[in-house]
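Enquirer: Take this structure, written in structure tokens, and hold onto it; I'll ask about it next.
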Amino acid sequence: MKLKQRVVLLAILLVIFIFTKVFLIDNLDTSAANREDQRAFQRMLGSLQVQLEPRLEHTLQSPWEIAAQWVVPREVYPEDTPELGAVMHAMATKKIVKADVGYKGTQLKALLILEGGQKVVFKPKRYARDYVVEGEPYAGYDRHNAEVAAFHLDRILGFRRAPLVVGRFVNLRTEIKPVATEQLLGTFMTVGNNSCFYGKCYYCRETEPACADGDIMEGSVTLWLPDVWPLQKHRHPWGRTYREGKLARWEYDESYCDAVKKTSPYDSGPRLLDIIDTAIFDYLIGNADRHHYESFQDDEGASMLILLDNAKSFGNPALDERSILAPLYQCCIIRVSTWNRLNYLKNGVLKSALKTAMAHDPISPVLSDPHLDALDQRLLSILATVKQCTDQFGPDVVLVEDRMTLSHL
């Protein structure tokens, strides 16, 4: 072999060696950083189906005591929840001992006390599964099935920041009326052969009651968080004005995120990344109505953003409201763990996982197929948005390593 050919061959081998070395190092680093994310994803897939059954492993405790012990500053329930089915079974079946009007808000709900003293929030069915809510993305009544679907999506994304939700059928005549407060009872009425009530809330009207099918009403119940964890309400920095012709600052100021980053509690700690996680969550479910959010009280920005009140979701599967993603595309940062989980869920995995997770809910099927299909399409939009950010700023800037240790004491 001629000297020139040898030099060329050596040069080629050297280039191959360098690229191979870089590739191996990158993959070793990636593997080291993401190995736990991959394991967590597989564990999640293995525990997707929740059989609603009364069996408890800790027989000396009630399901309510078990669920209360799950709550810590950074999650509502732990990753390993073998008794999740028992708690949800209790939510769906335990005797109702008291019924009252719901807590303050714009939408109809009822506050129920279940046997054992546990509070749950009941949201009644207002729409058929295939009903499409037209108009603004926050238009229409609350969707009870959206609460159920959002809870299971929270599980699938690995956030664990949404209170437990399960579907439930209640008999208004035999289960609610006998234990209803006078305030709630005063809103009951009969329309045709159906029992109805309109409750007390900002938009509650006698002319717009929620009606059962005869006496049987379908709805969702959301587990009330323990009283030892009082909530603090915050205005969402990317909230809407809800005024025609008046834009919020984030809607016209391209540098808005820079201003947010200088404001407490977004200038340090996990809160801004929580906001971005929530934007991703809300975009997937089509929720453009998170004008406020809750965290645990006096947390100084350390606790999670709690994913409460997700019922203004899954209204129109054909509407992808990109403005919900503003925190993501304006700040161009995302948790590495969130980014990994989103990538694991592409190619139809998200739709399949959510369908599996909701299969055993009492009100199944929870979502129509168009809504499930929309989730996979919206996921692609999120991935493309992050790709635009990494192309512009580089992955080292956009992908933020923020894995907080969770303690269950």
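Cβ coordinates come from backbone N, Cα and C, glycine included.
Taken from TrEMBL, the feature active site applies to Asp289. Sequence annotations record features per position, and here TrEMBL assigns ATP binding site to Gln107, Lys123, Thr222, Leu223, Trp224, Leu225, Glu294, Asp309. The Mn(2+) binding site annotation in TrEMBL covers Asp142, Asp309. Sequence annotations record features per position, and here TrEMBL assigns domain 'FAM20 C-terminal' to 188-397.
I'm curious about the neighbourhood of these features; can you describe it?
Expert: Annotation for Asp289 (active site): spatial neighbours Pro137, Tyr138, Lys312, criterion Cβ-Cβ under 8 Å with sequence separation of six or more.
The Cβ of Lys123 (ATP binding site) has 26 neighbouring Cβ atoms from other residues within 10 Å, across all protein chains displayed.
Sequence-distant contacts of Asp142 (Mn(2+) binding site), defined by Cβ-Cβ distance under 8 angstroms and a gap of at least six in the same chain, are Gln107, Leu108, Lys109, Lys123, Arg126, Ala311, Lys312.
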Enquirer: List the residues of the same chain that sit at least 6 positions away from Asp309 (ATP binding site) in sequence and have their Cβ under 8 Å from its Cβ, in sequence order, or write 'none'.
Expert: Gly105
Enquirer: Relative to the Cβ of Glu294 (ATP binding site), which residues of the same chain, six or more apart in sequence, are found under 8 Å away?
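Expert: In sequence order, Leu231, Gln232, Lys233, His234, Leu305, Ile306, Leu308 meet the Cβ cut-off.
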Enquirer: Using the structure shown, find which entry in Gln107, Thr222 (the binding-site residues) has the sparsest Cβ neighbourhood within 10 Å.
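Expert: The binding-site residues Gln107, Thr222 were compared, and Gln107 has the fewest Cβ atoms within 10 Å.
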